[in-house]
Structure formats: C-alpha cells, structure tokens
Amino acid sequence: MGLDIAQTLIDGLMVGGLYATVALGITLVFGLVGILNFAHGQSVMLGAYVTFFGVQAGLGFWLSAALAVLAMAAFGAILEQLVFRRTLGDHMAGLAVSLGLIMVIENLAAATFSPDPRFVDPPVSGSIMVGPLQLSSQRLLVLAISTALIGGFYLFLQRATLGKAIRAMAQNRQGAALVGVRVSLVSRTIFTIGSALAGAAGALYASLFAVTPYMGNTPLTKGFILAALGGLGSVPGAIAAGFLLGIAESFGSRYLSASFRDGYGFILLILALLFLPTGLFGAGKARV
Amino acid sequence: MTDMPDLATASVPPAKAPTAWRGWLGSLAGRRTLLAVLGIAALAVLLAVPATASSRYIVYLGTLLALHGVLAVSLNIIMGFAGQFALAHAAFYGLGAYTSAILIRDFDLSFWASLPPTAAAAALLAAAIGYPSLRFTGGIHFALITFAFGELIRLVTANWHDLTGGPQGMQLGFSPEPLLGIDFGSTRGIYALAAGLLVISLAIAAAIRFSRFGRSLVAIREDEVLASSLGINVTANKMAAFVITSVLAALAGTIYGPFVGFISPEMMSASDSISVVGMLIVGGLGTLAGPIFGTLIFMGLPELLRVAKLYRLVILGLIIIAVVLFAPKGVAGVIDRLIRPKRGGAR
Amino acid sequence: MNIGRLLSIIASASLALWAPGALAQTDTVKLGVIGSLTGPHSGWDVPASDGVQMAVSEINAAGGFKVGDKTYKFSVVQEDTQSKPDIAATAAQKLLSDEDIRFVMGVLTSTPGVPVANQMARAKVLYVGGFTAMDGLVGTKGKELLLRALDTDETAAKGFVPAAAKELGLKRVGMLLPNDDVSKSIVKIYEPLFKQNGIEVGLVELFQPGTTDFAPVLRKFQNQGLDGLFIGYSDPDAEAIIRQSLEIGGLPTKFVYRGGSSQPAAKYADKIDGFLWQILTRDLANPSDDKVKDWILRYKAFTKKEVTPQTYWALTFYDTVFMLVKAMQEAGTVTDPAAVAAKLKGMAYDGVRRMSYNGEGRAITDIDIGVLKGGKVYSIPQKIL
C-alpha cells in the first residue's frame, strides 16, 4: 500500500513536470504581457510534430527536440509580430484571434500531416528500479528535463538583465518603460520564450504520448487551469500548481475513477478560486 | 476588465456611452438606425428564407443558425453589455437539452411543461456559479470559474450513466406537441420554435440594452468601481445578467434535443463555448446586431466555402483573425464606420 | 483583360458545362458521401470517404456499370459533418435536399452518426454507415434501409475469444477501455464470452477518452492475479497502454486487442508474451493475397497516402460500393433504394475481401485473427461467412 502510494506520487510528479512546462508558457505570456493566447496548445502540437519529423528524418530525439524549441521560438516571434502585438492587453481580441489561429493551425495540420496518430521512439525505454520502486526511464527523463527547464528559467528571471526587465514590466509597465526597459522588445521576448517552452513541452509530449493534430487541447486546458491555480503571472505558482495537478490526477485516477480524470483538476481549480482567489501563493493578480 | 493595462479599452471613446443613454428613441435618430436596419435586414433574411423555402435543408440550416443565434445573442448580455467573460455557455446549452429530455423521459412531462423547470434549473445553477465568482471585480476570475464549471458539468454528464446515458448520449424520441393549433413537431415547426426564441432573445437583449438595468451593466463594463460609487449594486446586476444569459442558452438547448434527435456530452465542450465567444467578438461585442452578423459568419460561411472542403475552416480562421486585427469592433463596427460618412453631420 | 477575352472564357466555360450533358451516352447515379472530413473524427471518416471515391473513380474509368440495358456512372456528392451532431443533421439534410440522391454512405463515429442515420431512415434513403451505435438501429422498425458495413462485435468475438483462450492460454484478464459507447457494448459482449471460454474477468476499468497517461489507472491492475489485459479498440490507446504497462511493471504481458492492427505491439514484440488482434479485413500491413497487394498499390496511387491502420475503413467502403452496384444490377433499378436494400441483405460478395450482409443489414465478413507471440507474427483465418 505504502509502496503503491509512493509510486502513484512519482507518476503524478512526472506528468506534473510536463504540465508545469506548459503552464509556465501560458502564465508568462498572459500574466506578464496580458496576451490571452488560446493557441498556445497548438504550439505544443507543432513542436511535437517537428520532433516527430526530425526523428523520422534520422536526426535523433535530442536534435529534433532542439529543433522543435527553435522552430517554436521563431513561430512565437512571428505570431507576436503579425498578430498578438496588435491585441496586447485586449483579452477579448486576444481570445478571438487565438480562436482563429487554432482553426487555421489545427486544420492545416490535419490536412498536411493527416489526422492519424504518430509515435516517436523515446530516447530511453524500459524502466529502472530505485529501491523497491519500479520507475519508467523515459518518464524520469522527462521529469528531469522539465525540472531543468523550469529551474533554468527561474534563474534566468532572477539573474539575467532581461529577466529583471521582464519582472520589472510585470510589476509596472509604465515604470519599466520610464527606467529604460524597451517594453515592446521585452514583450516579444516573453512571447518567444513562452512559445519555445511550448515547443519543448511538445517534444516531451511526443516522447511519451501519441502525436495528433488535435493533441493541443489537453495541454492548453490544463495550462490555463494551472496558470489560474498558481495565480496569473506567478511563475512559482504555475510550477507548484503543475505538480499539484499531476499528483491530484494520478491519485484520483488510481484510487477513485479514471474516467473522471480531468474533473479532479477542475474541482481543484474551483476550490482554489473560491478560497484562494489570488492563487496559491497570493502573489498573482485576481484582477487583470 | 476594469483596470486593463493597455490601450484597447482607452481607444473606445467614452463620449459614446451617453448617446446610448438617451435610450431607444434617442438612438433611433442617430446613425445607429442604419446599423439597426441592417441588423434587422440580416435577421429578416435569416428568418424569412427558411420559413418560405421548400427545401428541408434550408429549414435545417435555418434552425442551426437560429439556435446559434440565440447562443450569441444571449451571451452578448453578460459579455457584451456587462463585460464579463462567461465560458460555460455550451454547458448551459447542454444542460437545457439534458434537463428537458430527462424530465420528459422520467416524469412524462410534455415538451412545453419541461421548459419552466429547465429554465429554473439553469437559473439556479447560474446563480450558484455566479455568486462566488462575480463578487470579484475584473473578468478573469469569472472566466476561469465558468470555464472550470462548464467542463465539470460535461464530465459529470459523461459519467452519470444512469441519468444521462453516459458518453454514448441519449436518443430522443419526442417532439414538441402542437400548441395553439400550430404543429411544432415537424421540421418546420421546430424551426419556428428556434426562430421564435431568437426573436424573443433579441427582444430581451434590446429591452435590457435600453433599460436602466442595461445602462447599469454598461457602466459596470466601463468601470466597476465607478459604477458601484454611483450606487449600482455591481454583483447583483452582473448576476442577473448571467442568469438571463444562461437561461436563454438552456432554452435553446431544449430545442436542440428534438431538432437533432440525439444529445451527447460532446455538445457541452469548452471549445463550443469559446466558439460562441468568437462569434460575438467577430460580429461586434455589445451591439444588438453584432451577434447576428457573427452567427452568419461562423455558421454560414463554411456553407458558402464548400468548394474549399478541407480548407474552409482554415479560411474561416483567417477571416476571424483579419476581422479582429483590422476591425476590432467586429463586423458591426465595420458597417457602422462605412455608413458614418454618408450621414454627414451625425456624430 | 479585355471584354472579348472575357466573353470567350465565359462562352467556353458554359460550353464545357453544357457539353457533357449533351454528349453523354450514360446516365448518372448520384451517390451521397457523408462523414467528418474535419475535426477529431476525421481520422476515421476521411479514409472511408477515400475508399468510396476510389471505387467510384475506378467504376467510372471502366465506363460505368450496366443496370438493365442502360449504362450508368456515379457522381459523388459529399458533405462534411465536422465531427459535430448538429452540423451532421444539417449536412444530412443538405444531401437529402437533392432528391436524386437515394444512396448514401459514410460516418464511422456515433456522435455525428446517430443523427445522420435517423435522417436517412426518415427520408427512406439507403444508408450504409459504420459506427457502433448503428447496431441498435439496424433491423428495427422504420430503419429497414440502414446497413452497417462493419462486423458487429458479437460476430467477431465468437471466434476471437476462443482463439485468445487457446493462443495465449489466458485464465484471468483485466479490461481497460475508454469510457464511451463503443466500450460499453464491447464489455457487454466480451465479459460473458470470456466466462464461457473459461477466462475470468478480474477487473473492468474505463478511462476518460483522450487519456494519454495511463500509469495511475494501470496501477489498479497490479497485484490482481491477472495474466492478460484486454486493451480496447484504438491504436494510440493500445500502444500507450502496452508501453506504459511495460514501463511501470508488475502487469500482465499478454494483450488482447479488439482493434484491427498489430501496430500497437510492433515495437514491443520482444518484450511481451503475446498480442492478439482482429484483422476485420485482410491483413493490409503484411498482405499475402495478390488481390489485396494490388488494391494497396491502387490505393496509394489514388490517394497519394501511405497505408495506415485506418486504411481498413477505405477498403471496407471500397468493397461496399461494388456491392451496391451488384445489388442495383440484381434489383434492376437505380432509383428504388428499398429494392436495392432488399438485395443487399443476404448478399455475399467476393471483392478484395469476402463480405456479406445478413437479413437485418449487419455486415458479416471473414476476419483473420492476428497473433504476435515469441517475436513471430502469424494469422488464423476465421471462416465466419
């Protein structure tokens, strides 16, 4: 029993890391730049496809994953330039525009890649024993990568000049502009980073799960729940919420009903919104 | 939406609001008349063509458009007038369809008798969701709660096998009984019902828009703090708007049941809620004609783009993006701008 | 562009439109094709539609078909149900609004399928669909013109379960399926059959459709004394379940799969002790039959697509179009769907595969049972027909 609980906990942490990576991108873009990008999940999907085609072309998983990150960074920069720069801060417009983008990207992907599911060979396979626990190697690897991504990003926000500029902008846009932060450049950078994170998440998703043109919806839904749960714009909140959701889903599916899997997250979110309206750490903005 | 950090809200000239405040008669004289006339013309086409067409397809398409029209018009009350992002609209649509179907199946009610309890259930649920979430200012809190509740309702429906038939949905055998000598059970009868509900929804929306209640909602949309300092009960007004919005969606759902003859939890999915939001924004938020334009574009355009087959949803997506980027006030805004110069002096 | 050139284009275009009608010696039969060309259900319906189009193009290229003393060609009218029931109902009406359309095919998923089937039945049009919920409609009153092109689970399971008992030596299995209508009917049919064949069903779990992470639910199957897992009907689910159960360990390594391909297990052949699947059609992945090999070549040329596990739907509907022609010829009519339906019911047809419809309108076809054991793949033919 105790062993079972421990294993379920680790299962939860593993998917939680994936969720956190997606949520980080959403919370960054939404919380800091005020862009509501519902098409974020489609960046995850495209990243997964880049990885799939890279592996198929013989580039190997790691190179393909790097390619996915770069491609999605470029994609994000282009989207920001062409579309989202014009909807800055206007949530209604941002939502409508991302709705259009979802239609375009999803249907183009289905038409060109076909709706059939594709599988990517993971870089490592099988499982390893850690004490009495049997753990999936690839999942452990995904957990390690997502933790590294999240940690690296957190350091970047704290230490790098650009990271400090981002935090300054999150606190006060006008103030940041006054002290010489180039707001539009920083906005574009945030969008690019968010999209690159989505590309990374896509590569990780592809290493575990099937790749389809419609795979973007789940990460998106989860990502939004998490961004909200963590307090919009709060980076540590989104990370904690990601792991929390992964664990809640794992325990719910293991000990309650697996057919209600996504429901646990929604219940968690509703409870949190009712009782902790400013997010897990009280750091987020209830008002946007 | 009160303290949005950017220019988008500021670009709406605040001077416009008082024009609307003069009420129905006052605005009739303004340049809104033409927009209203165009909106009514679009509505008339929407209503008249299926009513007179001999093809059942046209009648079906008309019903589909009318039902989605009701969704757009009703969502506009909470979203366009009061500025609150409600993302549970498809869930209420489905809730209406399921509640009415279950009442008819288990309690032997007639279609008509199932309507009041269905409306009451939707109102109760909307109040239950709305009260805790609408106390906060700003739209995002409410948006997330409605989004989560919408998905939760869908998942509960898919898992409550005994009551709802689970994910395989329910096959419905009933059709509305004749009323006042009109046969509402036929394809055309169901169309008449849907069209009737659309007209009622529009009438309610118009009545709200030009009432004291509607003016309060607009004041809340523009600045919640200011509105509350003017003595407007912000939470109560927002809740009333949300309840009306949700009840209308549920009523549309009751017609969906006999129209399609089959309901399943898929009709409640969040992507459908979001697509109604898209209709509103493309059509023009907060205007009376906007939701109608939006419905025609979202539901009608794919029909016109048949030749493009696989790519028509791509084209629709591109059109949506273009409208939002180049016509931020939606199609209604574009028409408004086009007709403005012709009116010369009118402001 | 000058006016003269414009006029000449219009003139030639109108000539082109007018000419076939004037010159043609053959008449046209309109064939309705309906299905989700877009949205999440398109993975099933696009291949089905490809199959119909391919059959039609071959029939037309060969000069059409003779019924009585007249030669006919098909013209396809296609509608997209967009994976949504209300749009499906409207799309069905759009097809039906063309009164020349008396034969309609398509839709493999139940949500858009049910409204389509109901509309077709009401309009007294012959409709061949494939989705699971059709089992409840076919053969009922007022639905006489509906036929289902796929074997019912009852038919297929009769040979499949004994084979599972024999080939894999199972004693106690767990069933893991998505929480949807197809799974419900699968469990209802397979549970008693397993028992009849001496296999206990230890545990039935339904997961939320769209689940990608199976680790938590798979843990429920640990320590249950199971020696086999029944893993649903869809390739992505099955592959994910096999892979993840190997990763988390402590689970049976014999799998029974109700789907139509060995793909889910292919990569894990050396790690598992057995995998059984239903080849509801001919084996398309490793074709041995020349007819099938030839069909695959033509399919690739026509659709410019590779063969995937979903190609099965294309073959099913491809053969169905030829059966329809045969039924029209036997009935001697291209305008009376009831007469054609009556001929289709009870007809057997030796096409790329052997196919038949019983008196109620359910397809009964020969299937193969695929076995992957000890790294080797072989198949056991099941003569059902």
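Including glycine, each Cβ sits where the backbone N, Cα and C put it.
The annotation transmembrane segment is assigned in TrEMBL to B:33-51 (among others).
Feature annotation from TrEMBL assigns transmembrane segment to B:57-78 (among others). For the transmembrane segment (B:57-78), the residues of the chain that approach it from at least six positions outside its boundaries are 46-47, 49-51, 84, 86, 89-90, 93, 187-188, 190-191, 194-195, 197-198, 201-202, 204-205, 208, 217, 238, 241-242, 244-246, 248-249, 251-252, 255-256, 259, 276-277, 279-280, 283, 285-286, 290-292, 294-296, 298-300, 303, judged by C-beta separation under 8 angstroms.
Under 8 Å from some Cβ of the transmembrane segment (B:85-104) lie the Cβ atoms of residues 71, 74-75, 78-79, 110-111, 113-115, 117-118, 121-122, 125-126, 129, 139-140, 142-144, 146-147, 149-151, 153-154, 157, 163-164, 170, 172, 174, 242, 245-246, 249-254, 256-257, 263, 265, 267-270, 272-274, 276-277, all in the same chain and six or more residues away from its ends. The annotation transmembrane segment is assigned in TrEMBL to B:85-104 (among others).
For B:110-131 (among others), the entry in TrEMBL reads transmembrane segment.
Taken from TrEMBL, the feature transmembrane segment covers B:138-157 (among others). Outside the transmembrane segment (B:138-157) by six or more residues, the chain places 1-3, 83-91, 94-95, 98, 129-130, 132, 164, 224, 265, 268-270, 273 with a CB less than 8 A from a CB of the stretch.
The transmembrane segment annotation in TrEMBL covers B:189-208 (among others).
Annotated transmembrane segment per TrEMBL: B:239-264 (among others), in sequence order.
Taken from TrEMBL, the feature transmembrane segment applies to B:276-298 (among others). The list of residues near the transmembrane segment (B:276-298) in space but at least 6 beyond its ends in sequence, with Cβ under 8 angstroms from a Cβ of it, reads 35-36, 38-40, 42-43, 46, 65, 68-69, 71-73, 75-76, 79-81, 85, 87, 89-90, 202, 205-206, 209, 218, 221, 316, 319-320, 323-324, 329-333, 335.
Listed as Cβ neighbours of the transmembrane segment (B:310-328) (distance under 8 Å, sequence separation of 6 or more from its ends, same chain) are residues 8, 11, 278, 281-282, 297-298, 301-302, 334. The transmembrane segment annotation in TrEMBL covers B:310-328 (among others).
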